[in-house]
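Working notes, beginning with the structure itself.
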Amino acid sequence: MFKAFKSEVLKLKHSFTLYLISGVFVVELLTVPAYLAISRNVYATQAAIYFPVMGYCLLLSIVALQTFEQEEKANHWQNVNCTQKRLKLWISKLVTIDFLLFLPSVLLWQLIGVVVNQTVYANYVGFVTWLLLIFLNHFHHLLLTIFSSRNLTIIVAFVECLFILFASNGVFVNYFWIPIALPVNAILAYGNSRATQIIWALIGWIVVCVILNVIILKIPKNHS
């Protein structure tokens, strides 16, 4: 498993996925702290949180599509689908991306917290955002694994954006069965005892996606 993970880390170097996620991190790092330093109010903070979160839905759909296209071009999936290491390879890919997503979430908000002098809240937002990104990473890869539809993945990403927009207005506060709304609900519930329940529910949905990915990946699949 370690060898597979190391291989995926090496593959990530000079890849489109690395440049895309790193680019998003740099852009946010240059803009969000400056914006919050100038506009110190609740509305500015909400905008700095929820607008990027909506963008992450599209970001992770693009990352998933890029990963699939990369494997399609590499020996027509021989490295992934025609060996007994298929499951290890795909899990390694997903975990590698999960760690990379630490940049535009936890690390970004730690730096933002220092700038705006709200480190505890910023760390909380960063952690919840990271959980969202991990969920999106596994969910979009799961969609592509099952349906192999690029158009569906993009459409789902736009629908997720709408759900996040509605959730930011408190529409889905008690809806634990809508995983995409849970990170927003957790941020809205900051300082409330319900926040812990919401975070555990989100982690539960991530585990569900991982289990479904494992089940699907164990099913033999041939590509021409």
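Just so you know, glycine gets a Cβ as well, placed from its N, Cα and C.
Just so you know, TrEMBL annotations never went through curation; they're auto-generated.
Sequence annotations record features per position, and here TrEMBL assigns transmembrane segment to 16-36 (among others).
Residues or ranges marked as transmembrane segment in TrEMBL: 48-68 (among others). Sequence-distant contacts of the transmembrane segment (48-68), counting only residues of its own chain at least 6 positions beyond either end whose CB sits under 8 Å from a CB of the stretch, comprise 16-17, 20-21, 24, 28, 32, 35-36, 93, 97, 104, 112, 125, 129, 132-133, 136-137, 140-141, 143-144, 148, 150, 153-154, 156-158, 160-161, 164-165, 168, 180, 183-184, 187.
Residues or ranges marked as transmembrane segment by TrEMBL: 89-112 (among others).
Sequence-remote contacts of a segment are chain residues at least 6 beyond its ends whose Cβ falls under 8 Å from one of its Cβ atoms, and for the transmembrane segment (124-147) they are 49, 53, 56-57, 60-61, 63-65, 67-68, 90, 94, 97-98, 101-102, 104-110, 112-113, 153, 156-157, 160, 179-180, 183, 186-187, 190, 199, 202-203, 205-206, 209-210, 212-213, 216-217. Residues or ranges marked as transmembrane segment by TrEMBL: 124-147 (among others).
For 154-178 (among others), the entry in TrEMBL reads transmembrane segment. Note on the transmembrane segment (154-178): residues 46, 50, 53-54, 57-58, 60-61, 65, 136, 140, 143, 184-185, 188, 198, 201 of its chain, located 6 or more positions outside it, place their CB under 8 angstroms from a CB of the stretch.
Look at TrEMBL and you will find 198-217 (among others) tagged as transmembrane segment. Here the transmembrane segment (198-217) has long-range neighbours at 86-87, 90-91, 94, 128, 131-132, 134-135, 138-139, 141-142, 145-146, 176, 179, 182-183, 185-186, 189, meaning same-chain residues at least 6 beyond its ends whose C-beta is under 8 angstroms from one of its own.
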